[in-house]
Amino acid sequence: MQTVLSIAADAVAYGMVLFVISIGLSVTMGLMKVVNLAHGAFAMMGGYIAAFATHQLGVPFGVAIVAAVAGTVLAAIPVERVLYRPIYGAPELTQVLMTIGITFVIIGIANYAMGPSMKTIPLPTILEGPVDIGFRSIAAHKLFAVATGLVVAAAAWLVIERTAFGVKLRASVDNATMAAALGVRTKVVYAVSFAAAVGLAALGGVVGAQLLPIEPYYALRYMVTFLVVVSVGGAGSIPGALLACLLLGAVETTGRYLMPEFGEFFFYLAVIAIVCVFPHGLLGRRG
Amino acid sequence: MTTDATVKARNAASLGRVRRSAAVDATAVVIILAAAALLYVLFPGSLALFTRMVAIMMLALSLDLVTGFAGIATLGHAALFGAGAYAAGILASKFGFTDPFAMLGVGAVAGALAGIVSSVVILRGRGLGQLVLSIAIVQLAHEAANKLSAWTGGSDGLSGIAPAPIFGLYRFDLWGRTAFILAVALLVVVFVLLRVIIRSPFGMLCRGIKQDPVRVRAMGAPVYGTLVKLYAIAGAVAGLGGALSAVATKVVGLDSLSFTLSAEALVMLVLGGVGKLFGALIGTFVFIWFEHLVAAINPFHWLTIVGVMLIVVVLFEPRGLTGAAEALWTRARGGRR
């Protein structure tokens, strides 16, 4: 029982970090139908900015998070303008190539600017120690990650279901041409949601830096994981992404605890099984 | 009404097309052989590198069949290459069958089987799902090979492969001359066979499926079965490439079964030009040559260059190097086709 609860606690923390990073990817993929392999690179960028801000500039953790999100969004806007616009509506292969290319360039730049070593983001004292949650003590930063995930999920749900922008967003996801014909400025919707997605990725990169350590190959190593989350959950579905993150987090964490010598074998086995049974994802549309 | 004359004219026209494409194939074979001879004479110390190039060219050719002719985007094609490499390696090191042609044959069969299995899985998905399934397959194979270290050597790689002399006469020498000649001979055979296959009615059907699968099905042609068959052929080619690399380098590493190799093969193919088979050869050659030069200095610079190259190709020359060369050629001849 003790083991089960321990695994569950870690799985939830890991799943929530995945969720914060990949929710933006899920929404933009559902919206713009772009297979974006560079999403992890933006999360990595956030992590690097936060590491730089805390180490070199000595700012507190909270400020570093804000700086990471703002900096990544600022850097992503010209990228969206110049490199993403031409591939909206292009064949998948083109999108894959372009976004892999962007990922490679960001990795190269990250290594050039920050060096190949792993970067840490020092936590504030309040998040450093362990916290007793009844059956075991858990690191405070994991609880923080879970809390962030819950806040992000709630905020995303509120924005999409309860605001005027959410209505336009959902309309564009369902049928972009029709929405445009009815006066929704889809280009603005695209740009805003792309910026929000990148910002969330950066936030996840910082909050999850203890679990997914920041180093130049981060973008490549976890690229697959984020894509998997989106395709398992179903592109464009927030509950789907949440479900997929918790499920895959559970599979991955259980595998690591009980059969570490198998590595990610069970993770990918689960992915194949789920996608074969649900080709559009667990809660995807057009299923 | 089809008169006798029009039938005759049509037959003559199709005969002309066959003759012309046969001429193109002959030219291509001559170019491949000339390039190989030139490399053999000019860079006798780098033959191992060129042999590796040929093995990867098989992977790129195989990927071109699937991606270029049937339109399936996959990031897991190295699974087929690795299957061939490990099958050939295990045959030689664990069972002691060291005849190079037996190793190549087993590699091709293993590749074809891996192709059939992965096509059954990959064809379940559409779009993003398809891409993720292809990645999951190569990662799964990678983890499995890592775990089964009794058979595969795990992360140390599979060693102890000692191929017997070809026909019992030509030993695999230290300089890799025999391996290089074997590789070029295989490449020519595979290339000509693939050219024939893509011109056959079967190849036309694959191209039709790429353009409009619904319509092909409506015409009464099998879509699923055709794609599985194509995957089997592609798997045999990739497996042959893997087996060739096992024969030539005498080791099989986990990297032959990696996501990285799959992605790199796609980059090479796109760099050269998708859907033309020539593109696979040229892209692989240019990519590995540059990698050899730049990666020796700094691997991260290499990554940046590949990234920039991809972006440039997508934005400015989606048809790749061969497409750019074709455009230049057309312009040089005064814009006529």
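Cβ atoms are placed via backbone N, Cα and C, with glycine included.
Annotated in TrEMBL:
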TRANSMEM  B:21-43  transmembrane segment
TRANSMEM  B:101-123  transmembrane segment
TRANSMEM  B:179-198  transmembrane segment
TRANSMEM  B:230-253  transmembrane segment
TRANSMEM  B:265-290  transmembrane segment
TRANSMEM  B:296-316  transmembrane segment
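The recorded stretches the transmembrane segment (B:230-253) and the transmembrane segment (B:296-316) do not share 3+ CB pairs below 8 A when only pairs 6 or more apart in sequence are counted, and are therefore not in contact.
Outside the transmembrane segment (B:101-123) by six or more residues, the chain places 72, 74, 76, 79-81, 83-88, 91-92, 130, 133-134, 137, 141, 163, 166, 186, 224, 227-228, 230-240, 242-244, 246-247 with a CB less than 8 A from a CB of the stretch. Long-range neighbours of the transmembrane segment (B:179-198) within the same chain, counting only residues 6 or more positions beyond its ends whose Cβ lies under 8 Å from a Cβ of the stretch, are 21, 25, 28-29, 32-33, 36, 40, 47-48, 50-51, 54-55, 57-58, 61, 65, 69, 100, 104, 166, 172, 206-207, 233, 237, 240, 244, 247-248, 277, 281.
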